[in-house]
Structures are given as structure tokens and as C-alpha cells.
């Protein structure tokens, strides 16, 4: 998977299918960091982030200045860009997967002024939610006027739907793995046949060469 980064290497952080996780990481001015998230098809993903700058005077991270922003780029398993947008120092991005597999979520700063980085340290807090965890159930209950029991049933139905999607995705992965295994086994078989053929041809050539040698020396 190729990424074009002007001055820094891309750091890939691989994340398996987690319905929701939060973390923070540090990046430099020209550095890009990417996360690989395995997502079933037709699944909504919501990401929230906020940035902090290192302050030498206080020796701690403080909220970023308004002029500092982040660029978010998301690619599907076919490396097709499904989201590429500029955000501020805090932002929220949303996308829905249409192809099951590894989706790449990349973030990097849009600033080219080293003065904003005050020592080159930028901390990014990232929270990613997948599937039914993207739903705001209190808001849904208020909007649809649901009782507590109805809301709980709605949550269970969403969870069952997400489990079905993940099961379908696992079957999809299993099918791809089976096809890869069959292709590898077939290649190994043909390579073994080719090796056997080469050994037979080499043996016949050696026998004919030895026979010609003995005949030339009148030993036979």
C-alpha cells in the first residue's frame, strides 16, 4: 500500500475490528499517521479528534491554536479515496463502508509553520466508533418518543444486525483465504511438476552426454 508523504515516513498502526476505541499519538509537522481498520460492508464509522500543542513554558500540552488544522483521508480496501477533507484543530468525520475489508484512515497536520509546533510536538486524541456504537440512543429515544423497553429492543436489534455484518465479513475473509490457499497449492503443484520435468530432462541429457563421451574415447 503506497502513500506519498513529502518529508516523513508513514506510520501504520493496525487495529482489528473494535466497535469503539480511543487513543492519542504524537506527530511532527510533516508526519502522517495511518490506521488500518477492518470494517464490514455497509457499516457506519464516526471519528472524533482534537489536537494539543506542547508548551515549553508550562511543560504540558495545551489546546491548539485556531490556525492549526488536520487533513483526514480515508481509503477503502481497493485504495479508492472515499473521504479527503480539511478540518480544524478539532473535528468529526463520518463515512459508511461499501466494501468489506481494511480501510485506511490517515491524518496529518495542514500547518507548514514550525512556530505553531513549539518544539515539534503535536498530540492528537482520536476516538473511532464503528457500527451500532455510532448511534446516539438518548437522541433517538427523544426523537422517536421511545420507552426504555423500546429503546433497549432497538439497541438489541442494532447489535444483532452488526453481529450479522461481522459474521458475513468473517465468511468473506474465510472465502478469500480459501481461494488464496488453493491458488498457492496449485502453484506449488505446478512447481513440483516443473522440477520433476527438469530433473528428468537433465538426467537424460547427462546419460546421452556420457554415452557420447565414452563412444568418442572408444570405451564402449
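From the backbone N, Cα and C atoms, a Cβ is placed for every residue, glycine too.
According to TrEMBL, the protein has these features:
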type     : residues : note
DOMAIN   : 32-153   : domain 'GOLD'
SIGNAL   : 1-22     : signal peptide
TRANSMEM : 188-207  : transmembrane segment
Stretch-averaged pLDDT - the domain 'GOLD' (32-153)
82
Tally of helix, strand and coil residues over the domain 'GOLD' (32-153) according to DSSP?
21 helix, 62 strand, 39 coil
